Amino acid sequence: MSVLNKTIPFPNDWDSNNPGAVDFYNKCMRYAESTNDLYDMIKTSYFFIYFALSIIVFILFTNLWLFRYYKSYVFKRQCRKYYFCLMLGSLIILIDTCLLEMNYEIYPCILHHALTGIGYPLYISSVGLIIIKYFKYYYKSQIAYFNSFLNFLDERHNETLYKNFIFKTFYTSFSSSKIIKVLISYLFFNLIYSIIMYFIDDRIATNGFCSMRFSYTPQIIEFTIFLVIFLPLVFIEALNFDDKFKMKYTIIMSLILHIFCFSGFLISLFVNSINCSIIVQYVPPGFFVFLSCLSSTILFTLLMLKDIIYLNKCNKNLKGTYKGMIKMLEDKILFREFGEFCRNENCVENILFFKEYWKYKKLFNKTEKSASLLNIESTKSQEINDSSSSLFTKSNHEDGGFLKGNVLNELNERVSSIFFSSTILNDTKYDNKCQYPIIVKEANKFCENFIGSKAIYEINIQNSIITNIFNKMNTLNDHTDQNIDEKLDEYFIIFDDAYKEVTNNIYLNSYSNYVHQKNKENKKKSLGKRRNK
C-alpha cells in the first residue's frame, strides 16, 4: 500500500502495512501541519471517556431497575423482549464504540465489525418495534372504542376507523415471538458475514484504524432503511392518530432526536474536515451514538419505568375494591365514563372484553357461577381487605374521595354481585341443546375478536392462556366423541382464565389510575370551594 503524499512523514508508531492506517493518513494528512497533529486526531479526551462511561452506567442501571418489574402488566403488554433487545443492543454498540474511540490504533476490526453487526440491528429494530407496539395498541383500542361507544359515527370517526394505516399489517398479522425469531436469524447471518469478511477483507483482518467501508454493507443498509424510510413513515403514521394518543409527541420527539443523532454521526464520520480535526477528541462520531441510545433510554425505558412506579403508587393508595370496580363496569353511565378514560390509556379492548364476555355468558342456561370466577372475587377482595365493605366505608369518609359520590354509594349498597346480575336468573328454562349452534358460532366469534395477535380487539394475556383457549377450541370443533352437554360445559368456562387476567389487569392498572385521577380532581374542587368561601 503506497503513501500518496510524503510532505508529512508517515507516523513511525503506525503500521504502514495496515490499510486502515494508510487510508487514515491519506485522508487526514492535508489537514495536519505535523506528525503530532495526526497523533492528536486519534486521541480521545477525558471528557468523552467520562461522558461515555456515565451513559453506559445510566443505561445499565435504568434497565436493571425496569426489569425488576418484569411481571408488571404494563411492561408485559409493551413486550419485555423488545426492551431487552433495546438494552442489549445499546450496551453492545456503546461498549464497542467506547473501546474503539479509546483504542483506535489497536482495536481489532473483526470485533468491531461483528459487534456492530449484532448491536445496531438489535438497537434499531427494537426502537422501531417499540414504536410500532405503541401504535398497535392505540389502533386496537381506538377500533374498540369506536365500535363500542359510538352508535352513530360521524364522518371523522368513520374516516379514522377505516383509514389505511401504514403499519396495519404489523398490528394484525405479526406476533412478537415471530418477529424476534426473524431478528435472531438476521443476527446469525450478520455474524457469519463478519467471519467471512475476516478472510476476504484486509481491513477487517487487521487491528486498529477501523473504518466503515463496503464490507459494512449490512450496517449501511440498516442505517439507510431506518433513517430514510422508516422514520419518515413513522412520522406520517403518528399524524394519522389523534391527539388522544399520549405517546404521539414522545414518538415524534424520538424521531427528531434520532434524525439529529444519525445525521451527526454520518457527518462527523464522512466529512473529512471534521473527522480530521481536533474536534473528534471531544465529539467523535461515537458521541452521537451515545446520544441516540441515551434518548431512547429516556423516552422509552425511563418513561416505562416511571409509569410502572406511578401505577404501583396508585395501587398502594387505592381506596376502591375489586368488587367496586366490577359494579362500576355494570353501570352504563360509569362504564361509558371509564371507557373515555381508557381511550386515553389504550385499554378500551379490556373493558369491551368484559362487556362481551357477559353477553356470551348469557347464552347459557346456567344460574350458577363458575368456580374459577368465584375464586377471582374472593381472592381480590381478600387482597385489598378482609372486608370489602370496610374499605367502602373508609373511603366514604374521605374528603373529596372518588367513592364518596352518590352513584358509587348506591352501588355499594347493592347486595348482589356482578356475577349473579350478569347471569340469566329468570325462571324460564331454555334448551341449551337448541342453543348449541348459536353458542358455537358466538364462541368462535368471541375468540376471533379478542384472542391472539390477529384478533380485532387483541387483549394482552399470557401465552399459556391463549394456547389453552386455541387448543380447546380446536378440540371442540374437531372432535365428535363428546356429547353436547359436555361440550356446552367446556364452552361455558373456556374464556374464564382470560376474564380473570383481564379484570385483574383493569383493576391494578386502569382502574387504580382512574380512581387516583378522580380523587385528585375532587380534592382540587374541594380546595377551590374552600378558597371561594
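Cβ coordinates are placed from backbone N, Cα and C, and glycine is handled just like the others.
Look at TrEMBL and you will find 47-70 (among others) tagged as transmembrane segment.
Marked as transmembrane segment by TrEMBL: 82-104 (among others).
Within the chain, the transmembrane segment (110-132) has long-range Cβ neighbours (under 8 A, six or more residues past its boundaries) at 78-79, 82-83, 85-86, 88-90, 92-93, 95-96, 100, 167, 170-171, 176, 179, 183, 186-187, 190-191, 193-195, 197-198, 204-205, 210, 215-216, 218-219, 222-223, 226, 230, 234, 251, 254, 258, 293, 296, 300. The transmembrane segment annotation in TrEMBL covers 110-132 (among others).
For 179-200 (among others), the entry in TrEMBL reads transmembrane segment.
Taken from TrEMBL, the feature transmembrane segment covers 220-239 (among others).
If you look at the transmembrane segment (251-274), the same-chain residues 6 or more away from its ends with a CB under 8 A from one of its CBs are 27-28, 31, 127, 131, 134, 212, 223, 226-227, 231, 234-235, 238, 280, 283-285, 287-289, 291-292, 295-296, 299-300. Residues annotated as transmembrane segment in TrEMBL: 251-274 (among others).
The feature transmembrane segment is assigned by TrEMBL to 286-305 (among others). Counting residues 6+ beyond its ends, the transmembrane segment (286-305) has Cβ neighbours under 8 Å at 48, 51-52, 55, 58-59, 62-63, 65-66, 69, 74-75, 78, 83, 86-87, 90, 93-94, 97-98, 100-101, 123, 127, 130, 250, 253-254, 257-258, 260-262, 264-265, 268 in the same chain.
The domain 'RGS' annotation in TrEMBL covers 327-369. For the domain 'RGS' (327-369), the model's pLDDT averages out at 76.
Remote same-chain residues near the transmembrane segment (179-200) are listed as 81, 85, 110, 113-114, 117-118, 121-122, 125, 129, 215, 218 (criterion: CB distance under 8 Å, separation of at least six residues from the stretch ends). When DSSP labels each residue, the domain 'RGS' (327-369) comes out as 32 helix, 0 strand, 11 coil, counted as helix, strand and coil in that order.
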